[in-house]
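A.B. asks: Have a look at the structure that comes next, please.
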């Protein structure tokens, strides 16, 4: 008897494909070869979250509000030397992630197979050489399975163009599968178009377009506040405030570019490489500059010290390394076909960035501790108060970051098939909100004002500090002779409480 269990065959394939999505709603196939998986040969055609079509009983919206997967000129090609026989069917299998158990089966509880074997065919549940599937319990018309075969000496077989309308919101997957061991070096060409009701933007990315639009607005509001203060008190500006101005400008550009990137993607179905590259680059520059500025502030640059001295080259080297590692990671994740990247390759790119982040945090808090001690020793209460607030804000940000990383790991470990794709946009959005919140705290602490120079480095403060040190050393024994001391005292007579001069007092002491 046929037993359909959990889809163990599709588990590794789905784990791979759900973590790394194809970047566009227009999925192009340029000679991809079929790969052996179990007793089947497979090409992954795409995985996307798709919302159901809008309800339209009067057909007013036509195809505007429709969700669909459309096949256009999907062609299978075999080498000329292998084109001497009629093949078994090459099938396209489209299913929603909740229906993954309907694909494949096993006879008598044996090893699970995707292609129908001779034993299964004897049971009359499938045709030998074709994909095993059974109708979904929720929707008998799913999964969608259709195909084409090579006849005689044909070198090319083309699927008929068709559209599959999506009537249920879910994560949909497409695989091209064949079970013919004689089809050597078979490749697939053409494209499929995946569309949501509001455009071509994949479902998991759709909320990000609105999010970046909102972030662009709040960055503009922050920019208006900062630049108005900057223009009003431009004579009181010190170097740290110029650095903050640079970060705000980069943030405004990054948010705007990400919004236009997703808007163009939604309109055309093809991700604009140029805009994506600019958005990635501005974002990486902003993060690098932000890390460097926070590190410099933690070291007291522009507040208790005029330069970083010998640390300048080390800070620049660390920033350059972070920029390079982050740029490579962001380009690979956002530009091109991300599904071509294996888990190990992505881990190889993520680890350097994570290590550099940790190094920045360690260096920042070590420097902050030293700076706070200096400010406390010099009794610079105004600057000390600001630095304490800055330290508290950083500590809260780090704690929230660690907590969110734990949540992110939990989210991914408990969502193997990406069934929570509708909430996945929250993970990258959180990091943007957190960095913006920290930027706002810094803007409030060091906002341009008529008293801005009170928070900047001052030579006078250091001179006062030197004088304090000198005053403290006067209690030590001096080599000054008594004659000199007496002469100095007589030159500055001061009336005491008993009417005697200091000179008289000194004379009494010497006697």
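Here the Cβ of each residue, glycine as well, is placed from N, Cα and C on the backbone.
Owing to the predicted nature of the structure, the values given are computational and were not obtained by experimental measurement.
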A.B. asks: For the annotation transmembrane segment in TrEMBL, which listed range does it cover: 264-286, 287-309, 425-447?
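C.D. replies: My reading of TrEMBL: the transmembrane segment range is 425-447.
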A.B. asks: From 175-192, 193-210, 211-228, which range did TrEMBL mark with transmembrane segment?
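C.D. replies: Going through 175-192, 193-210, 211-228 one by one, TrEMBL gives transmembrane segment for 211-228.
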A.B. asks: Among 120-140, 141-161, 393-413, find the range that TrEMBL records as transmembrane segment.
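C.D. replies: My reading of TrEMBL: the transmembrane segment range is 393-413.
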A.B. asks: Check each of the ranges 72-92, 93-113, 240-260 against TrEMBL and return the one annotated as transmembrane segment.
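C.D. replies: From TrEMBL, the annotated transmembrane segment range turns out to be 240-260.
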A.B. asks: Which bits of the chain, at least 6 residues beyond where the transmembrane segment (349-372) starts or stops, bring a Cβ under 8 A of a Cβ in it?
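C.D. replies: The answer is 291, 294-295, 298-300, 303-304, 318, 321-322, 325-326, 328-329, 332, 384, 387-388, 390-391, 394, 398.
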A.B. asks: Counting only residues 6+ away from its ends, which parts of the chain sit with a Cβ under 8 Å from the transmembrane segment (240-260)?
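C.D. replies: Distant Cβ neighbours of the transmembrane segment (240-260) are 208-209, 212-213, 215-216, 219-220, 222-223, 226-227, 230, 275, 278-279, 282-283, 285-286, 289-290, 293, 296-297, 301-303, 436, 439, 442-443, 446, 448, 452, 456.
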